[in-house]
Structure formats: C-alpha cells, structure tokens
C-alpha cells in the first residue's frame, strides 16, 4: 500500500511539472483541423456575393424615390450596415463572416470592454482601461473604443482567445512595437482598425494572460502575426508600412478570412505558410475577399506555401513584382478579381512560382476563373486537367467581377478618418518609420516573437507523457501484485 501511495504521489508531482501552457498549446494544435471540403466553402462565398448583387440590382430597378439603397453587393457589409440599429447590436457582426473564417466568434456573448486609456507603459502589468489589459483576459470580450485614439505599443500586443476589436465609430490607430500577435489562440475578430508603422520589438517579458507572462524574443515587426491559430477574421482594416509583413499566418494556422481591408505602401504584404516543408501548413485554409490592394505595393498579395487559398473579388491596382506567389504546392483559387498590371512590361504576370523549376510547378493547382485582367496582366494557371476539375457545372458563376468597384468601394477603415492611414504623422526613418521595403528575406525557422517560455521541445513532451503513462501502468501492476 505504501508503494502504491508513493507512485500516486509521484504521478501527480510529475503531472504538475508539465506547464499548463504545454497542454493548452497541445490542445489548440490538435484542434487546427481544416474544413473537409474547401471547394464547398469557396462555392458558398460566391453564392453569397451573387445573392447580394442580385438584391442590389432588384433594388435599383424598383427604387422609385431615387434614394440610394443600402444593399451594396458586398455580403458582409449588407449583413450589418443596413441595420440602422447596429450600434446597439454590435455583436451581430459576428454573424456576418464568410469563408474559412466565418466561424470566428470573437467576443460574442461576452461583456463589452471599453478602452479608455491609450497608453502602453507596462507590457507585464498593464493598467485596466488599456487595450493590452483587455486583450489578455481569459473570458470573451467585445472591445470597443469610446473615442479616437492612437495606441503606440511598446511591445507585441498578445491576444487571448475569444476577443473582438471593434473600432466602428472611432478613429483607432495601432502603431509601434510588435504589433498584434495571435499565437495559439482562436476566435478573434479585428474590425475597423488602422494598423501601420509596426517595427521589431522583444527581448523582454510580455504578459499573454492574467496568469502568465514570459520572455519574448525579437519579433519580426508584422502588422498582424497569426501563429498556430484558427478561426480568425480580419475585416475593414487599413494596413501599411510595417517592418516585415502586414499580415502573416504560419505554423498550421487555418480557418482565416481576410476581408474588406485596404493595403498600401508596403513590400511583402502577406505571407501564408511557414516553409515549403512544414506539413501542418497543408491544412491552412484562407479566404481573401473584397480587399483593395492599393498604391505602392510590391509583392506577396499573398505569397502562399501549401494550403488552400481562395482569392475572390479583390481589386489589385498594380504591383511592382507580382501579385500572387507561392511555393510548396499550394492550391490557389482565384475568382472574380480585377488585376491591373503595372506599366513595367516585365511585371505583367499576376502569378509567380517562387524559386521553383517549371517542371515542379506544372502540376500545382492554380486557377483563374472570371478574373478581369487589365493593362496586359496575365495569370499563369497550372494543374493537369485543371479546367475540367475547376469549371464544373456550378449554378453560381463568378460573374461578380464586373462589380468589383462596387464591392470594394468601402474597403479599409469605415467612417471617421477614412481608410487611408495618416502617413504624414510619421517619419520614414529610424525604427518606428521603417516601411518594410528593405525586408526581402523569407521566414526562417526562428519565428517572430516565439519566446522560449512558450515552447517545450517535442522530445521533452514525449518523455513526460511517456513517464506518466508508465507510472499509471506501474501503479496498476503494483496494485494487482499486492492483491
């Protein structure tokens, strides 16, 4: 009996040695399950777009008073903007998502948290009322801004799960160190926020929850970094001039929708996928819809590795190198976009297979369906039998490309301040003003902001779990022996 008790005590002691974050990380990683039928999700997006356009056309025909109808043809905006009572039903926004990120709940069902303090003086002990204090809480929160504010971050803003950043009704800018980090979390909605002039930070402690803070290595300086996360929706934001990417999603992240955003003044706009050889990124599924890729963009709109990427009804107004690139055999489904090529005769191609021989990418699944190609733009499709596989008899066709101006007219931040970031307020030299134009390197194995306290090597994890299993078996055997 004494031996049995000793084993039980040892079992629980070893169990307590395993940090809570390891189990949290393990559980979240196991839940990064892709949708079983991505083509169905793509079909549903196009169906919703065409349904909104049909309603808009019907209103144009029947409207006798000459007033402008609310319906725009954009199914996300039509879902909430047509409700005159939306300020009193803010959480209804969570029901308006489309695509792979449509299940992002954000803080729906939770309390409202009001950001009343724009300061960010302490990344370990943030003050109540600050944005940092709100995003680290455990419970669902719908975070709103009662006034205009400029939030200058000192370090990465690390989110906890089930949070909505709702900037409607205010002019909210997030700039500085970091900026936004979504690491091993789920159910995040970021809506109507200016995000720009983000630079590298780190090599210090940062709090990620009310009960945990840890040392963070140097971040890459992304506008929004999505790392091992799911059910993420980024809508109606204006992003520009960050050190690395404007939005980067890596390490098996999936269930993401990036919609109605305005991108400008940046080099490497969007990276989807950690590396060509990182298997979990094969399950990455991202919808990129109704965005305006505006002036002074160079490349990566997006740059994909593995996964399934649905690019639908976006307006690409020139690029300097290419618009959509990839490696590692991603599936790219381009539907109903408008691609306007630059004047450079050597940069007319929409697509780029990055550092991949022709013989390797010929079988990759890249298609263009219903896209509008302007100023000599051309899309190089690939995939054996792609036309037969992709042009099946859908009842929905991407006819909405001709409505691109209408669908993307309100891209970026709505209301106060407009969609353009007020670039005149910022210098273009030094760490806070780095535009990102000097960053051409791809991601390396040293991922941004991944602090050592948040990681436990796989071998150590296996050892601990194996030890626990061994003790359970040993205890049972001892009990049987004593009987």
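Backbone N, Cα and C atoms are what each Cβ position is placed from, and that goes for glycine too.
Positions annotated as active site by Swiss-Prot: 300. Residue 300 (active site) falls within neither a helix nor a strand when secondary structure is assigned with DSSP, and so counts as coil. A 10 Å cutoff on Cβ-Cβ distances gives residue 300 (active site) a total of 28 other Cβ atoms nearby, all chains included.
As annotated by Swiss-Prot, Ca(2+) binding site applies to 220, 244, 248.
The N-linked glycosylation site annotation in Swiss-Prot covers 27 (among others) and is backed by sequence analysis.
What Swiss-Prot records for 50 (among others) is N-linked glycosylation site. In the three-state DSSP assignment, the secondary structure recorded for residue 50 (N-linked glycosylation site) is helix.
Marked as signal peptide by Swiss-Prot on the basis of sequence analysis: 1-24.
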C-beta crowding around residue 220 (Ca(2+) binding site), within 10 angstroms: 25
Residue among the binding-site residues 244, 248 whose Cβ has the most other Cβ atoms within 10 Å: 248
Cα-nearest neighbour of residue 50 (N-linked glycosylation site) within the listed binding-site residues, 220, 244, 248: 248
Alpha-carbon distance [residue 300 (active site); residue 220 (Ca(2+) binding site)] in Å: 16
Between residue 244 (Ca(2+) binding site) and residue 300 (active site), the C-alpha gap once rounded to whole angstrom: 11
